[in-house]
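Lifted from Swiss-Prot, the feature list:
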type     : residues : note
MOD_RES  : Ser103   : phosphoserine
MOD_RES  : Ser106   : phosphoserine
MOD_RES  : Ser107   : phosphoserine
MOD_RES  : Ser164   : phosphoserine
COMPBIAS : 170-211  : compositional bias 'Basic and acidic residues'
DOMAIN   : 413-577  : domain 'Helicase ATP-binding'
MOTIF    : 524-527  : motif 'DEAH box'
DOMAIN   : 602-775  : domain 'Helicase C-terminal'
MOD_RES  : Thr716   : phosphothreonine
Amino acid sequence: MATPAGLERWVQDELHSVLGLSERHVAQFLIGTAQRCASAEEFVQRLRDTDTLDLSGPARDFALKLWNKVPRKAVAEKPARAAEREARALLEKNRSYRLLEDSEESSEEAVGRAGSSLQKKRKKRKHLRKKRQEEEEEEEEEEVPEKGKKTTGGNKPQTEKPESEDEWERTERERLQDLEERDAFAERVRQRDKDRTRNVLERSDKKAYEEAQKRLKMAEEDRKAMVPELRKKSRREYLAKREREKLEDLEAELADEEFLFGDVELSRHERRELKYKRRVRDLAREYRAAGEQEKLEATNRYHMPEETRGQPTRAVDLVEEESGAPGEEQRRWEEARLGAASLKFGARDAASQEPKYQLVLEEEETIEFVRATQLQGDEEPAAPPAPTQAQQKESIQAVRRSLPVFPFREELLAAVANHQILIIEGETGSGKTTQIPQYLFEEGYTQKGMKIACTQPRRVAAMSVAARVAREMGVKLGNEVGYSIRFEDCTSERTVLRYMTDGMLLREFLSEPDLASYSVVMVDEAHERTLHTDILFGLIKDVARFRPELKVLVASATLDTARFSTFFDDAPVFRIPGRRFPVDIFYTKAPEADYLEACVVSVLQIHVTQPPGDILVFLTGQEEIEAACEMLQDRCRRLGSKIRELLVLPIYANLPSDMQARIFQPTPPGARKVVVATNIAETSLTIEGIIYVLDPGFCKQKSYNPRTGMESLTVTPCSKASANQRAGRAGRVAAGKCFRLYTAWAYQHELEETTVPEIQRTSLGNVVLLLKSLGIHDLMHFDFLDPPPYETLLLALEQLYALGALNHLGELTTSGRKMAELPVDPMLSKMILASEKYSCSEEILTVAAMLSVNNSIFYRPKDKVVHADNARVNFFLPGGDHLVLLNVYTQWAESGYSSQWCYENFVQFRSMRRARDVREQLEGLLERVEVGLSSCQGDYIRVRKAITAGYFYHTARLTRSGYRTVKQQQTVFIHPNSSLFEEQPRWLLYHELVLTTKEFMRQVLEIESSWLLEVAPHYYKAKELEDPHAKKMPKKTGKTREELG
């Protein structure tokens, strides 16, 4: 039999001839597998299960030869096994003896002797088996020498296992143990959710019962207290009424007596009686006259004036009027004095009336548009409606009946009943988002505790649509109708219509993989093709096959409906005709160099020259929107009363809800509203009264480079589909106009047909983690509508493996299952889980919450730049930006979460309040992932190590040419707003790498290279972290010329 070393060389040689390649670890794996197999067929079957070898022909012959060559301990029978075999034979023999007939005494004695001897042999066999198992375990732990030798004797190992087998078995045992822990954790989470749901209902019922009891008690007490007062009031009213009635009766009685007995002589008693009645009547009249005189005098007294003011005809901007800018009062006084000095009256001012708009319509500023095409509408308007029609709407039910989807209500419900999956095509504003869920609710799809889910790609859309539907149904938002977005849940156990972002529905699959509590799932705005929408398509398609009673509706705005139908196994398409008026499209004669300035000029140009109607402007992001609004307000302020009032209203995702709602308010008479929005207004929102649309032709898109791991949010030209959607916003209520700030040639030749799906241009770490949590392991063959690049998918798997979320077989680990429960980036999840090890979870929660508010903590007013920068520097702490964020939140919490503190320190209160909400939700999820709360008590080294445990992938070190990432060797730069911008530490960790003017590192943290080996020894090697410039030359004593010879 060959030695282990010789056998390994033989396997390597054979692998060359069979596979064309050879590797030492593969040879050791094959030898170890052959040693564990009891037969050659079992060995062949195990190799076939790996799906790496084609076991036909030479490969099968090689496997059989290898199994015959591999030494096995079962060849020579050990003495212990022989003794066990003899004892088993004796036991069988004794059993056969028991069946013979014999006297009871002799039989009992024989059985007793046999039993006693059998017990001794059993003890001996038990001892031998235990000893043999210990010897085998010792044999497996020993290493294989270069030249193995056979040993004699049953107590010595015959062969020694190779090192790779021991490592493989240990890894396999750890993998199986981790899988058991993961499944146990998932079961605990599921049971905890179940218990919590039941407790919520019980608490709700108990609370409702207590509230009703309290209400009844208060009603009884109020009734007892009110009855005496009501009696007094009723008595007084009755007395006044009785007085009037008695006086009327007395006057009637006197009139009758005068008419009947006026000419008759009366007795003395009758005359006295008549005189008494007249006296009583006169006194009553005098009393009434005195009361009326007192009331008349009371009306002549001074009374405090009552509130009689109505709605102002001109909108008042409180922020503008209460402006506290330096010198504001002096500026107003000077303007008033100058205005009084140059005041003119009458016809002398007529000559200056003609060029009153010269600041807007100067020739060098005016943008010339050319009418190119017209989008035909379905209806011809009789006349342009006045803006006041928005204030004179019908009731909510009348508005519902006026929507284009209403005439097709019965047909739509019949199509939903007859088909499991239905594609709905309809224009934005046709009512499919708000009305179809209500139709399904009225039809009874929410009976027996079932719910209807409607997904939206954006948070703002989910919140605004839910509020609108709640008003139409006459219920409070959060009861029957609610919404669920990231870090905010406005639902209850009574919610049956649930609007949510598509990412939140994906997270529902974790706790309810079959969506058993939903009867209908509606994926709205499917044409936007967001990352989560594409993942939802694959999952819902699979769930629909498993649950035939589940209804799936895919709503799209006239784009890609045929492709959606093909993807869902040729599902039928239900088309809702849109109510759209003609739209004239205008292009510029020449390209515009600065589209932001062109937008501002065009808005004023439309405002001055065009008939009444609101304006919708599309810009790329919050910064551009705020800049455009500021420019418009400044120019309108300079023009003053020369132009009509122009209301400038922004709309973007981070805007507070109350300010978002302003765009839906009716425009005051005599004014014009301009809404400056991102592409959220393309399809997700419908704003009434829009007649004019300004389209610069740009949008912001996130792109991801898997080779460098860098994300960039760049301004890119929009697609033709998006441009047509924007133009369609102008034809909602009347014939409109769309002004495109680019040429017709650019539209035809420079714009893409459709937008690239987000799944093909973003990082997939969260998606891979979620799909793995749902038990989907074969990601390469997952049913994507548009598959992502394999390079991006492989990088996501590599990152999750480095973070410990996946094992070497690509299976989800216990840590990965916990990371999937946290609705944040995988690196941020790893940082939160690692905080338990370093006892700093309180601080890490704060850092994670502050990192989740999109770098919008500080603000710099243009007139107070120096003060804002000084306030920011006051928060700096040694160590990096993460500790600065922690310091800001800590001081804000110590101030009692004060908004005044934020104003004084140039911190955005809205962002801090959102960070507090995020922290509270993450703190609630810590119990779910079984992480305890702890604080480091100011030991920031532990905080920095916990952050390093999650973001060791994002590290850079200082070289002679600047900062370079450790792995990719990419040149990067510290962002100028960082607290470490001037310090330049040798080793850095960054939160994200963004491409703007340069490759900037945002939110950097100073670390030590030894921490990387501590938290990620599997990812970094000591040689990679050595600094070649820090090495010193060895000290050596020089020699003289004589010594050198």
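Glycine is treated like the rest: Cβ placed from N, Cα and C.
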When you scan the chain for residues with a C-beta under 8 Å from the motif 'DEAH box' (524-527), skipping those not six or more beyond its ends, what do you find?
432-433, 454-457, 461, 533, 537, 554-560, 564, 683-684, 721
Secondary structure composition of the motif 'DEAH box' (524-527) [DSSP: H/G/I, E/B, coil]:
2 helix, 0 strand, 2 coil
For Thr716 (phosphothreonine), the nonlocal same-chain Cβ neighbours (under 8 Å, six or more residues apart) come out as Phe698, Cys699, Lys700, Gln701
As a test of reading the model: what is the averaged pLDDT for the motif 'DEAH box' (524-527)?
86
